[in-house]
Amino acid sequence: MKKNQFLKESDVTAESVFFMKRRQVLKALGISAAALSLPHAAHADLLSWFKGNDRPPAPAGKPLEFSKPAAWQNNLPLTPADKVSGYNNFYEFGLDKADPAANAGSLKTDPWTLKISGEVAKPLTLDHDDLTRRFPLEERIYRMRCVEAWSMVVPWIGFPLHKLLALAEPTSNAKYVAFETIYAPEQMPGQQDRFIGGGLKYPYVEGLRLDEAMHPLTLMTVGVYGKALPPQNGAPVRLIVPWKYGFKGIKSIVSIKLTRERPPTTWNLAAPDEYGFYANVNPHVDHPRWSQATERFIGSGGILDVQRQPTLLFNGYADQVASLYRGLDLRENF
């Protein structure tokens, strides 16, 4: 796999930024919702806590054994770990970016069962230990682009999805891959209460075309920064598809089903005019309510300090994945 020439050393986000509790800090500072209407400079000053030294420590995950293939390394400085695991979207635990870190400790990730079924010759069931032992793990430094026009760069640890699917032996009828998050309302407050969970229909579901799922970039992710994923980042296993918007990266997966027909996806069901099935990062196709031409890269400074940077087509992975969409109108199929 060719190194991604679009990544610069300044693009990768550092370990000290990953596990923040934003809501608690804002309350401690007495910052009200009205304060968030202040001009940009005031935002940067008020939210300078984002680069402070009094952040809670990152949760201690289990250390993982993994390789570091040169093609995925780039020797780049990393997005701080406390920001990557402290600034999250995981609506099952609340709508605020700090809610997942504050609330996801209730999720029991061991024991765990992941089933692979549908249009396969050999259905599989993996347990918690299989996720980290059955396949060789490798660290990959990937860009991550949220549909909300912010981005990070993260050293994920996992294995290519195509290796798992190959074991199940997809049949000739398989055209799509459907994913499903665990449904556990007793552990996930957003699944109990529509107000907490943003009014989405749960369990969260996602999908890919089979060729997208089989692409070498598509990663079943079990760790970050050398350790097992924390719950707020989708433990024990989540999907990373680096050329797509982050909401395609379904978390805490319990089911993978190969299908003949295109599967439903949560955000497309909720707002089909705003969130397409493909969700490829594209600076030329705006969200109906904001531009996608630029993005706010979250690094080691204050969250509103940083300069906006141009959004790259396919999040900088065009050389690797553009051929998947040859002849497809990316504006219509957003």
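Glycine residues also receive a Cβ, built from the backbone N, Cα and C atoms like all the rest.
These numbers come from a predicted model, not from an experiment.
Record check, Swiss-Prot: Mo-molybdopterin site residues include N88, Y91, E92, C146, N233, R238, G249, I250, K251, and the candidate from T171, T181, T294 also listed there is T181. Those residues noted as binding Mo-molybdopterin (N88, Y91, E92, C146, T181, N233, R238, G249, I250, K251) have their most widely separated CA atoms at a distance of 19 Å. Its Cβ taken as reference, I250 (Mo-molybdopterin binding site) is surrounded by 25 other Cβ atoms within 10 Å in the chains shown.
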